[in-house]
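**Student:** Checked TrEMBL, it gives:
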type: ACT_SITE; residues: His20; note: active site, proton acceptor
type: BINDING; residues: Arg157, Glu261; note: substrate binding site
type: DOMAIN; residues: 178-326; note: domain 'Glycosyl transferase family 28 C-terminal'
Amino acid sequence: MLDEPLLIRADGSPEIGTGHVMRCLALAQAWQAEGGSVYFVGEITEGLESRLREEGITARALESSPGEKNDALETARKAQVVGASWVVVDGYHFDGSYQRRLRGEGMRMLLLDDYGHADHYDADLVLNQNIDAETALYDDRSEDTELLLGPRFALLRKEFWPWCEPRRTPRSEAHRVLVTLGGADPDNCTEKAVRALGQLEKEGLRCTVVVGESNPRESSICAAAERAEIPINLRSNVSDMAALMAEHDIAVSAGGSTCWELAFTGIPNVILVLADNQRGIAEGLDEAGTALNLGWHEKVEKKEITEQIEKLLRNDEKRLRVARKAQELVDGQGTERVLGKMLAHKAYVVS
């Protein structure tokens, strides 16, 4: 049993989305499951703060601007106050100097990364769970920095853990489509997807659209859903995404962390790339035969989304083949593996 706290440093907003916070939540839940407490610091929305509170996680704001020198020092001070030796950091403004400052204050550090954004890596552990993760991205790193690369280390929240054994079996016929395009969706891709769903033709088809808590266009999305020829149910503030995914057969998603959840659950997904850091994920999953990548969202026409969904709806053999490959890629043990790596570091010393 763990008898010490964990501190998490991440931000979430309509501009940068909720992904950094939500994948850290998976690790927080695993830490709590071992008996430890978790504290969170960062700039987050009220919705995210409420979710963390429900999980028994105390969230606090920082006085410093994200990523600057005082951010690292303030984060270290908060960790010291609560007695945390490990700090989990997730975001693209935590460069090499930030990492050095944090470790220089005596912290053990796990850095979550997506594309090798930092000029230097000084963290104890660097986690890149993406399919395109390569050691070459981290050539400029400290000798004692350990890399955790690929979907083998994909972080899944606790609502997915029961599906590890036995694994979910995809249905033989497809009748339900899920749309989930992130917590913020600043480019309103959700409405485009809803309009695409409205063009589908299949008897008994039902669709669910998840509207993120930071999405400012819920009313227009609702109007588009009401105009559709098929039943479209809008959902928001979903606390058990695993259960919702398990009710569906096909998904339309962004190219972020949701891809690992869908792969684990055996839900073939049509991917819209909403940010540059999602390109490698979408392309890698497409090449592996575990998803269908439509590319950059601005270049994707509504008709293309409709056509790709219809292909999966009409070809159960292909859909099930994609589902099986996806489940082979993500086995659901990633969170446990990452936690194990953290706990293997017994000594907490100043770097």
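Using N, Cα and C of the backbone, Cβ positions are placed for all residues, glycine too.
Automated prediction, rather than curation, is the source of TrEMBL annotations.
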**Student:** Cα distance, the residue listed as 'active site, proton acceptor' to Glu261 (substrate binding site), nearest Å?
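**Tutor:** One finds 15 Å between the Cα atoms of these residues.
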**Student:** Tally of helix, strand and coil residues over the domain 'Glycosyl transferase family 28 C-terminal' (178-326) according to DSSP?
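**Tutor:** Residue counts for the domain 'Glycosyl transferase family 28 C-terminal' (178-326) by secondary structure: 72 helix, 29 strand, 48 coil.
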**Student:** Indicate the candidate from His20, Arg157 with the smallest number of other Cβ atoms within 10 Å of its Cβ, considering only these recorded positions.
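**Tutor:** Each of the recorded positions His20, Arg157 was scored by Cβ atoms within 10 Å; lowest is Arg157.
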